[in-house]
Amino acid sequence: MLDRVFRGNAVVQVVVLYAITRLLTTVMLALVAPSQLPADMTDHQAVDYVGFTRLWDGQWYERVATGGYPNTVPRDPAGIAMQNTWAFYPLFPFLARAVMEVTGLSFAAAASTLALVIGFGAAVAMAALLRPRIGRAGALLVVGLYAVFPSSPALQVAYTESLAMLLLCGYLLALSRERWLVAAGLALLIGVTRPIALPLGVVTLVAVWLRWRRRAAEPMSPGETGAALTSLVGCGVAGLLWPGIAWVATGQASAYFDTMGAWSMTGHVQILEPWFTIPRYYLGDWGPRLFAVTLVLLLVGMAGPWARRLGPELRVWPVIYAAYVIAVQTPGTSTARYLLPMFPYLAVLLGLASERGRARGIPTTVRALVLGAAFLWLQWKWVSVVWLFTPPIDFAP
């Protein structure tokens, strides 16, 4: 029934819907920008909307765009790595630099505009990925909720989120269509955009295995076999590409990992432990229990019949990605941004991914309206509390 409501050109519908959501976010950012106090992050000046989009990691991407990377990892007298640009992947800031050169725009204007434009492509790619699984209307609803997600302002500021989402959706689309060499090429681009190539490798392994199982009914030519294996190799190479570049450029094998540790209170990357200690700090013994319940819900959310229409790639991806984030990241105010690539869960929440293709109990339209309203309210909180920098020190979004 929803597909009859959402008639017309699918791409135009996605673009119009995404434009409306970005307009809402632009209004939020513009309203909050005058409240930003001058600080080091703002060059000790008041900021307008454009300047407000350059905060936090945007400063680091600007340093990459204008100055590149150091030829050694800066360290304190004790030899501990200090924060530096090697933690930030190069594709987005280099593209922003190209826009600066062509247009003469400042970094803030070039990067935020670039992110905004790329975001439209990501939305269209996401809809193309979802439409064969949950229908045109379902895809449009998922894209709409994704576009008003609490941390969705990151899609139009000087961050890599929109580029990463474009490449991710493009990769999953290529994988689902068994365009192995296209997937391999996109994996390499992902390798210089965001550190998500390794979990994508697991998804690729599943896709290749499923294709291999069909070989009796649908024989694989040597060329297709080689292409499928190339996509696997591409993910492996992409996962090690940026750490390897940092190694070659600095002569230090641990350059990237030491740099990432500089953002940790312990001075090194911690595996899993913070996801137990931090919840326990704030919630006592209930913290680890709630974390364990969350893990179960994440797994069950994609393992049950309510996710069957998503297909293997879109069911495996968010679970593996969540496991990867838990393994290598520390929970905090940045966690909301890391949820954006887990968009397949939105289809489950809307009841669109079950075999029936429609929600049981609460209708899909009601779910979409309630979730959309909640997301917009939380988005305002994200902009006005999390993104807004409170001097002299604050938690990064």
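Each Cβ is built from the backbone N, Cα and C atoms, and glycine gets one as well.
The transmembrane segment annotation in TrEMBL covers 12-33 (among others).
Within the chain carrying the transmembrane segment (107-130), a Cβ under 8 angstroms from the stretch's Cβ atoms is held by residues 10-11, 14-15, 17-19, 22, 50-51, 53-54, 58, 61-62, 65-66, 92-93, 95-97, 99-100, 138-140, 142-143, 146-147, 155-159, 161-163, 165-166, 169-170, 172-173, 176, 314, 343, 347, all 6 or more beyond its ends. The transmembrane segment annotation in TrEMBL covers 107-130 (among others).
What TrEMBL lists as transmembrane segment is 137-160 (among others).
Residues or ranges marked as transmembrane segment by TrEMBL: 180-210 (among others).
The transmembrane segment annotation in TrEMBL covers 231-250 (among others).
Among the features that TrEMBL reports, transmembrane segment is placed at 290-307 (among others).
Per TrEMBL, transmembrane segment is recorded for 314-332 (among others).
Residues 126, 130, 133-135, 138, 141-142, 145-146, 149, 151-152, 154-155, 161, 164-165, 168, 196, 301-302, 305-310, 314-315, 317-318, 321-322, 325, 329, 360, 362, 364, 367-368, 371 of the same chain sit 6 or more residues outside the transmembrane segment (338-354) yet have a Cβ under 8 Å from a Cβ within it. Look at TrEMBL and you will find 338-354 (among others) tagged as transmembrane segment.
According to TrEMBL, the transmembrane segment annotation covers 366-389 (among others).
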Under 8 Å, at least 3 Cβ pairs, sequence separation 6 or more: does that hold for the transmembrane segment (314-332) versus the transmembrane segment (231-250)?
-> no
Which residues of the same chain, at least 6 past either end of the transmembrane segment (12-33), have a Cβ under 8 Å from a Cβ in it?
-> 6, 47-49, 51-53, 116, 119-120, 123-124, 127, 136, 139-140, 143-144, 147-148, 152-153, 155-157, 376, 379-380, 383-384, 387-388
The answer for the transmembrane segment (366-389), taking Cβ pairs under 8 Å and residues 6+ beyond its ends, is 24-25, 28-29, 32, 35-37, 39, 41-42, 52, 55-56, 141, 144-145, 148-153, 157, 333, 336, 346, 349-351, 359, 395, 397
